[in-house]
Amino acid sequence: MRLVVVGLWCLILGLILNPTKFCDAGVTSSYVRKSLSALPNAEDVDMPWDSDVFAVPSGYNAPQQVHITQGDYEGRGVIISWTTPYDKAGANKVVYWSENSKSQKRAMGTVVTYKYYNYTSAFIHHCTIKDLEYDTKYYYRLGFGDAKRQFWFVTPPKPGPDVPYVFGLIGDIGQTHDSNTTLTHYEQNSAKGQAVLFMGDLSYSNRWPNHDNNRWDTWGRFSERSVAYQPWIWTAGNHEIDYAPDIGEYQPFVPFTNRYPTPHEASGSGDPLWYAIKRASAHIIVLSSYSGFVKYSPQYKWFTSELEKVNRSETPWLIVLVHAPLYNSYEAHYMEGEAMRAIFEPYFVYYKVDIVFSGHVHSYERSERVSNVAYNIVNAKCTPVSDESAPVYITIGDGGNSEGLASEMTQPQPSYSAFREASFGHGIFDIKNRTHAHFSWHRNQDGASVEADSLWLLNRYWASEDASSMSAM
């Protein structure tokens with residue numbers, strides 16, 4: 001009963017401070033973004049090579065393109081990655097310490113290089129540090145001599161049902177001036193995201209001639225100002241596939257998997273493109289739109305096994321990340337996620353997934369809680385219906401990439417679509433406790449804290465548990 005009262009007060013307070021409605025259906029925003037006349041070629045749209053955000057750090061063999069992600073299942077590990085021009089002694093070492101201790105520790109990473117067409121990468125270092133203390137600020141140092149560089153990160157709180165935590169949400173960002181605006185906008189948001197859930201499509205280097213992998217390097221330097229200090233949880237998108245038989249590249253995901261590791265083995269996954277983590281009060285499952293997912297496939301078998309491990313008494317918020325949206329009312333990529341929806345949606349509903357975040361479509365859209373699990377080829381019930389056990393689907397592929405906005409929408413707006421707008425921006429998912437979380441979407445043209453769309457979410461699992469408790473009283 002106490003949890004019910006706390007949850008209701010949280011909801012009432014949220015409505016007073018931010019008077020938004022629950023799932024207002026059918027809104028197509030009237031806001032029209034002033035176009036920067038997106039051009040067809042990445043060379044014409046991406047920031048110039050000599051942009052200050054692409055600057056190479058000074059010093060001999062200086063570490064660059066520094067980024068971190070969660071390094072284990074529970075949140076006590078971090079993977080630190082960086083590149084150096086040369087594989088010199090000391091280049092592969094991380095020195096780290098907590099702000100509460102003067103004792104410094106050292107860890108050694110692994111080093112890899114890869115080739116892609118006529119490009120050979122720099123030396124790419126990955127160092128996994130485990131057994132860190134929860135909810136603690138750590139500093140870490142890379143490099144040596146005049147090339148030393150220092151960064152920091154904060155580990156998440158220990159997983160627990162009422163642990164508050166704030167996630168930033170970014171997708172399909174690329175490296176245009178709009179991309180820079182999106183990242184700046186996120187950094188300035190007073191909500192202060194503690195980690196980023198990234199919905200895929202990083203550098204868009206494949207839009208350059210021969211998939212110019214130098215654009216992976218510029219993107220790594222551009223994003224470092226955020227991802228070196230807070231973990232980004234990676235989802236692979238179609239622009240990470242890099243399958244290009246016309247230039248002799250037959251192995252997919254080569255640049256992405258060499259540069260951006262994930263803690264997939266910690267969740268029993270045999271592939272870095274799908275995995276799961278626990279972070280504070282959230283259990284996050286990352287799926288791959290561009291890997292096999294039909295019944296009996298490795299991803300399918302892993303996914304169904306992972307769902308059985310979710311403990312909603314420990315991590316009540318069940319979140320799924322997948323690049324291609326399963327519900328999408330834009331003309332761009334319309335119904336591309338339909339096959340995956342048919343396979344996975346029954347599990348989303350049965351296990352009461354709270355929210356599914358996607359990218360791919362270069363605009364913003366939020367759905368009602370709907371499902372289409374009743375459909376089969378015999379009964380032809382192919383219209384989504386309201387379903388309180390279903391997740392909210394949010395498409396946030398509006399990071400600012402060189403392909404521009406997806407502005408053409410299907411008409412009329414389908415009943416499952418609650419809000420849609422063709423603008424660049426980012427999102428915030430703010431978990432308050434086991435029962436309530438607040439989602440907000442922030443378009444780049446507004447002040448960083450202005451909410452162009454927002455929604456209070458009632459946890460699917462605990463809502464049903466509380467309802468059962470109330471009915472039994």
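Cβ coordinates are placed from backbone N, Cα and C, and glycine is handled just like the others.
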According to Swiss-Prot, which candidate in HIS264, HIS283, HIS323, HIS426 joins ASP201, ASN238, HIS360 at the Mn(2+) site: HIS323
Annotated companion of ASP201, TYR204, HIS362 at the Fe cation site, Swiss-Prot, chosen from ASP162, ASP172, ASP242: ASP172
Row ASN311 (N-linked glycosylation site), column other C-beta within 10 angstroms, all chains, value 11
Here are some binding-site residues: ASP172, ASP201, TYR204, HIS360, VAL361. Which one has the most Cβ atoms within 10 Å of its Cβ? ASP172
Determine which residues of this chain, when ASP172, ASP201, TYR204, HIS362 are set aside, have a Cβ within 8 Å of the centroid of the Fe cation site's Cβ atoms, and list them as they appear in the sequence. GLY171, ILE173, GLY174, GLY200, GLY237, HIS239, GLY359, HIS360, GLY397, GLY399, ASN401, SER402, GLU403
In sequence order, which residues at least six apart in the same chain have a CB under 8 Å from the CB of ASN238 (Mn(2+) binding site)? GLY200, ASP201, SER289, TYR290, HIS323, ALA324, HIS360
Any idea what the Cα distance is from VAL361 (substrate binding site) over to ASP172 (Fe cation binding site), rounded to a whole Å? 8
Of the recorded positions ASN118, TYR204, HIS333, HIS362, ASN433, which one sits closest to ASN311 (N-linked glycosylation site) when you measure Cα to Cα? ASN433
